[in-house]
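Note sheet for the following structure.
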Amino acid sequence: INWVDSRTIYIGHKEPPPGTEAFIQQRFPDNRIVSSKYTFWNFIPKNLFEQFRRVANFYFLIIFLVQLIIDTPTSPITSGLPLFFVITVTAIKQGYEDWLRHKADNAVNRCPVHVVQHGKIVRKQSRKLRVGDVVLVKEDESFPCDLVLLSTSRDDGTCYVTTASLDGESSHKTYYAVQDTKAYNTEKEVDAIHATIECEQPQPDLYKFVGRINVYMGNESVARPLGSENLLLRGATLKNTSYIYAVAIYSGMETKMALNYQSKSQKRSAVEKSMNAYLLVYLCILISKAIINTALKYVWQADPNRDEPWYNHRTETERQRHLIRAFTDFLAFMVLFNYIIPVSMYVTVEMQKFLGSYFIMWDDEMMDEELGERAVVNTSDLNEELGQVEYVFTDKTGTLTENNMEFIECCVDGHVYVPQVICNGQVLPDAVGMDMIDTSPGPDAREREELFFRALCLCHTVQVKEEETVDGIKHGIHQGKSTSFYISSSPDEVALVEGMKRLGFTYLRLKDGQMEILNREDEIEKFELLEVLTFDSVRRRMSVIVKANTGELYLFCKGADSSIFPRVVSGKVDQIRARVEQNAVEGLRTLCVAYRHLSPEQYEEVCHLLSDAKLALQDRDRRLAEAYDLIEKDLILLGATAVEDRLQEKAADTIESLHKAGMKVWVLTGDKMETAAATCYASKLFRRSTQILELTTKRTEEQSLHDVLFDLSRTVLRQHGDMTRDTFSSFSGDCTDYGLIIDGATLSAVMRPNQDDLNSGNYKEIFLEICRNCSAVLCCRMAPLQKAQIVKLIKASKEHPITLAVGDGANDVSMILEAHVGIGIMGKEGRQAVRNSDYAVPKFKHLKKMLLVHGHYYYIRISELVQYFFYKNVCFIFPQFLYQFFCGFSQQPLYDTAYLTLYNISFTSLPILLYSLIEQHINMDILKKDPTLYRDISKNSLLRWPIFIYWTILGVYDAIVMFFGAYFLFDNTTFTSNGQMFGNWTFGTLVFTVLVFTVTFKLALDTHYWTWINHFVIWGSLIFFVVFSLLWGGIIWPFLNYQRMYYVFMQMLSSGPAWLSIILLITASLLPDVLKKVIWRSLWPTTTERIQVSGETKTPATATRVSRRDANCADVSIHSVRLSIVGSFSSFHVNLKLKHPFLFCHNF
C-alpha cells in the first residue's frame, strides 16, 4: 500500500546526485494485468467455498455427513453421489471459463516491449517492465503502461495518439515531450538523461495528472511541471509519429486503465434468487414434516400396548435417553424426506445454462459477415436474465454509430452544395460537380462561396499524412501526386476538409507556418497561419487568424450555431439558420462558418491580448476565454456545413423495439451534448414530440441545482398526475413523452452534493423520480466511472430493476461490469469491452434478437424447469410422508433405495433438461415482430409466489391421489390370480410407477414444440424405467445384502387390477391441471396464449403462420381450448385485433 501521497521515480534507475533531498524508494508492482479470478493453487479451496455458499449444496453436505454418522433408513450414497456430481460439473465449467481469462491475460502480459538499457535497446516481455524503465514505442504500437513522454521523432517534441480503447474517441490527440529532454533522440542520448520525476500516486481519473520533473545538468537542477498532456496512458496507440522515448511511471494494476476497471464480482441472476427463496420454503416444509413425524412417533409409542414386542423390550436406561433418541429420530426423518430438496436441479440448471449458451453462438443471424465474427458467450450464468431486462444503458460512439463521419452538404448564403461522386479521382466541373439545389449564384456570390471554401480549408487542426497505403487501404484522392490522407483530433474536421476536397479546394499541408491550398484552377495558394484560437467545450467554436499573399488579414471562425449566430453582424442569417435547423432535425452535426477582416492595428491589439493571457499563471483559462471573447466578435456569416456520423445499420429499429418491449433506453456517452442529442433523434430514442428536459451545467449556472431539480420534477409529475408510466403510455398520444439530458458535471453534483446544502440528501431521490418518468435519458460528457455510477444508482433504486449495459471501448468496461448483464460490441476500439463482458455481439442490431428471442426463450425454459423440479419432488416425497402414518412412524422407506437414488438422476432428468434447451412456446418470427410479448415475462412473472404455490398444491394433490388411490385399490384386491398377497414393496413400486408416468406426461402436456428428440427422450425415459425395473427385480444381484425387490415388478404387472389402477391414477392426477388450463385460457388468456391459439386455429385471418412443427403441438390444453373458443371466437378475434393488429390482414 502506498502510504505516501506522492511517488518519486528515478529515470533509468539512476540515483540523483548527492546533495539533493533524499527520497524513500518505494516498491512498485510489476506490469502484469490480471483479470482472472482463480490461480492454480487457490482454485480448489476458493471454488469449493463459493459453491458451498449456495444453500442447497451446503444443505446436502450436512445431510451426507448425518447419513455417515447415524443409522439412517437410506444409504449415504443416495445424497453423496448427486452432490459430488454437481460440485464437479460446476467446478469444471468455472475452471474452464477462468482458464480462458488466463489465456487472454497471458497474451497481453507476454507482449514484447523495447527498453533502453545501458545505451542499447533490449526486448522484454511486457510483464517484466518496471517503473523507471525508459521505453521505446514505435508507430501503431500501443503503450505498455502509463508513461511520461521524454522525446519523439518530431522536432517539435509532439506525438499523436489515439485513445479509442480508453475513452471511445478514435481521433488523434497531441501530447508533448518534456521541454528539457525533447532534443534527446537516440538510445545513447536518452540513456544519458539524469532526472527524477515526482508525481501523485495512481488514481483513476483519465484526464488528470500532476507531477514535476527535476532534470540534473551538472550541479544544478531544473524543475518543470508535468500535466496530463505529458502522460501517455496504457492502451492508447501511437499514430503519425515514427517513435517515442518515454519513462514508465505507473505499471500493471496501477495504470489508469486498470484502475478504471471495476472488480469482477460474481453476478447472480434473478431466477437464481427465486430458486434460493423456494428452497428455503421447502426446507421449512421438510423440517416441519420431520418434527410432526417425530412427535407422532412418540405419541404412538407412549401407548404401552404399542411398545416393542416382548422379545425386544427396551431397558430402563434406553427409556431415560429420550432427548438423544428424539434427536436421532428427527435426523432420520430428515434424511428420509430429504429428497424434497432437489439437488439435481442445480446440475440440470448448470447444464441447461452451459449448453443453452451455444444457441447464441450458433445463431447465424447474429453473425457479422464483414468482421467474420459471431456472438460470444463469456458467462453462461445469466442467460435467463436476458429475458428480464428493464433498463438498457448504451454507449453512443461506435455502439449506436459507426464512428465514421461523412460530409453531407454545405450551404453558402442560402445556396446548398452537395458534393457528387468523384469520377476516376477527378472532381467534375462545377456545373455537374455540385448539385445546386437553389438557383446558381451571381459573380458576387461566387466570391463569397470561394471565401467559404477557403475558410473551411484553413480553420482546422488537421494534419496531413503522406503515405502510399495504410493497412493496405488507399486513403485520400489520387491526383497525380503521392496519396495523402488527413488525421485530426476530431473526425468532424477530417470530414469537412475531405468534403472541401470533393468540392474543388484541397488542403495540402502546413509547412513552416504556411498553410497551402490547391484551388479549383489547380493553383497553390499560401496563407500564413498567425494564431489558432483552439476549440473548447464552453465556447464551442474555434478560430484561426491568417494572412493572405495580398497582405490581407482574416479571422475565420467556425462553431456551433448557438455560439456563432449571436456574434454575427451581417450575412444571410435567416436562410442559413433555417437550413441549419432542418439539418439538425435530420440528426446531422451542423457547424456555422463566419469571418471578419482585421486591420494591422486590430491585429496588434489581438496579439497583445493573447500574449498577456497566455503568460498568466493564475486563472490562465479564464483570461484566455475573455481574450477570445473580445476577438471573436462583429463577424460576417458565410454559411453552414452538415456532417453525418452514420448510425449503425438498424440501430433505430432496435431501439424502437426495445422501447416497445417495455425497456427504458439510456445513452451514456463522453460526447458533446448537441452531437449526442442529434444521434438520439436519429436513432428514435427521442421522437419529434418528445419534450426535452435539460439538467446541464449551462442551466445550473443560471439557477441553483436545487431549483432546477424541483422545476423538472414539478413539470414531470404535473403531467403524470403522479401516475407512473406503464405499459403503453409511452406510445399513447395524449401523454407527453419526456426526454432528459444530463451532463457529467451536473451528475457529480447530484451524486455528491455540497455538505452545506441542507436539502442535499434527497437530490438522488428527486433525480431518480424524474428519470423514472422519462421515456429516454441521455447522459453526455461522462467519465468511465460515472457511467458505472449511473448504472449502480438505477440498480439500487427501490424497484431494483434488471439492468443491461452495452459498449465497445475500454471506457465502457466499468459500466459493463456494474450492470446485471454486460454486453460488449466488437467495434473498432480494441477488445477491452468484449473481454470483460458477459456476452459479446458484432453489432448493436443483434441486441434485438438476443433479448427479444433468446432472452425470452431462456427465461420461459428455466422458469418451467425450476417449477417442474419442485413439483416432481413433492409428488415423490409426499407419499413417503403419508406412508409413515401407516407404518407406526418407523422410518420405513416406501420406495426401494435404487428408486430413491435414480428418480432424480435418470428416470425424470433428461426430459426436463431437453425441454429447457429446445422449448419454443411461440415461433421466433412472431417474437421478433411483436416486441410487446416481452412484457408478458417481465419482472420475473413466471416465478412469482402464486404460480409457485399452484405447482406445490398440484404436487400435493397428485401425491394424495397416487398414495390413497393405490391404498384403496389394494384394499379390495388382496389376492392376485393365484391367491398370493401383495407386500409393502409391491405397494411402493405401484405408487412409484404411477409417479414416474404422471410427472413425465405432465411435462409432455407442457411442451409446445415437438421434435424427434423430444419424442425420443420422453418416451425413452419411460421405457428405460420399465426395462430397469424388470432387470432390477428379475435377477438376484450378488452385491446386494437384501433381495427385497426380487420379482416384485413382474408380479405387479401380472395382476390385471394393477394395470387398471395405474391407468386410472395417472388420468386422475393429470385431469385438474388440464381443466384449469382450458378454463383459464378461454376466460383470461395472456397475449402469449392468444398467439399460440391463433397459430393453432389456422384461420384465413392469420397472417403470421406458425411453423408446421409448432402446429403439430401435442398440448392437450390447446386442442381443448380450440373447442372452448369456437363459441366465443368473434369476441376473441376483436380483442386480439386491438392488441396485435399485424396478426390479422382482413376480417372474417
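Heads up, the Cβ atoms here are built off N, Cα and C, so glycines get one too.
Per TrEMBL, the feature domain 'P-type ATPase N-terminal' maps to 25-79. Per TrEMBL, transmembrane segment is recorded for 52-70, 277-300, 330-349, 898-918, 948-970, 982-1004, 1016-1040, 1046-1071. The feature domain 'P-type ATPase A' is assigned by TrEMBL to 113-174. Residues or ranges marked as ATP binding site in TrEMBL: ASP395, LYS396, THR397, GLU493, PHE535, LYS558, ARG589, THR669, GLY670, ASP671, ARG781, LYS787, ASN811, ASP812. Look at TrEMBL and you will find ASP395, THR397, ASP808, ASP812 tagged as Mg(2+) binding site. Annotated domain 'P-type ATPase C-terminal' per TrEMBL: 834-1086, in sequence order.
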Please identify, among the binding-site residues ASP395, PHE535, ARG589, ARG781, the one with the smallest Cα-Cα distance to ASP808 (Mg(2+) binding site).
ASP395
Of all the binding-site residues given, THR397, ASN811, which has the fewest Cβ neighbours within 10 Å once its own Cβ is left out?
THR397
Rounded Cα separation (Å) that holds between ASP812 (Mg(2+) binding site) and ASP395 (ATP binding site):
7
Under a criterion of Cβ-Cβ distance under 8 Å and sequence separation of at least 6, what residues of the same chain contact ARG589 (ATP binding site)?
MET405, ASP492, ALA642, VAL643, GLU644, ASP645, GLU674, THR675, ALA678
With pairs closer than 6 in sequence left out, are the transmembrane segment (898-918) and the transmembrane segment (982-1004) joined by 3 or more CB pairs under 8 Å?
yes
On a count of neighbouring CB atoms within 10 A, which of the binding-site residues ASP395, PHE535, GLY670, ARG781, ASP808 is highest?
ASP808
Return the count of C-beta atoms lying within 10 angstroms of the C-beta of ASP812 (Mg(2+) binding site), excluding that atom itself.
35
Would the transmembrane segment (52-70) count as touching the transmembrane segment (1046-1071), i.e. at least 3 C-beta pairs under 8 angstroms with sequence separation of 6+?
no
How about the transmembrane segment (898-918) and the transmembrane segment (277-300): at least 3 CB pairs under 8 Å, pairs 6 or more apart in sequence, or not?
no
Below 8 angstroms Cβ to Cβ, which residues of this chain, lying six or more residues outside the transmembrane segment (948-970), approach it?
278, 281, 867-868, 870-879, 882-883, 886, 982, 987, 990-991, 994-995, 998, 1057, 1060-1061, 1064-1065, 1068-1069, 1072-1073
Per the Cβ filter (under 8 Å) with a sequence gap of at least 6 from its ends, the transmembrane segment (1016-1040) is approached by 896, 898, 902, 906-908, 910-911, 914, 989, 993, 996-997, 1000, 1003-1004, 1007, 1046-1050
Apart from its near flanks, which chain residues at least 6 from the ends of the transmembrane segment (52-70) lie with a Cβ under 8 angstroms of it?
76, 78-80, 82-83, 86-87, 276, 279-280, 283, 328, 331-332, 334-335, 338, 341-343, 345-346
Using DSSP, break the domain 'P-type ATPase A' (113-174) down into helix, strand and coil residues and give each count.
7 helix, 32 strand, 23 coil
Which residue counts does DSSP yield for the domain 'P-type ATPase N-terminal' (25-79) in the helix, strand and coil classes, in that order?
28 helix, 0 strand, 27 coil
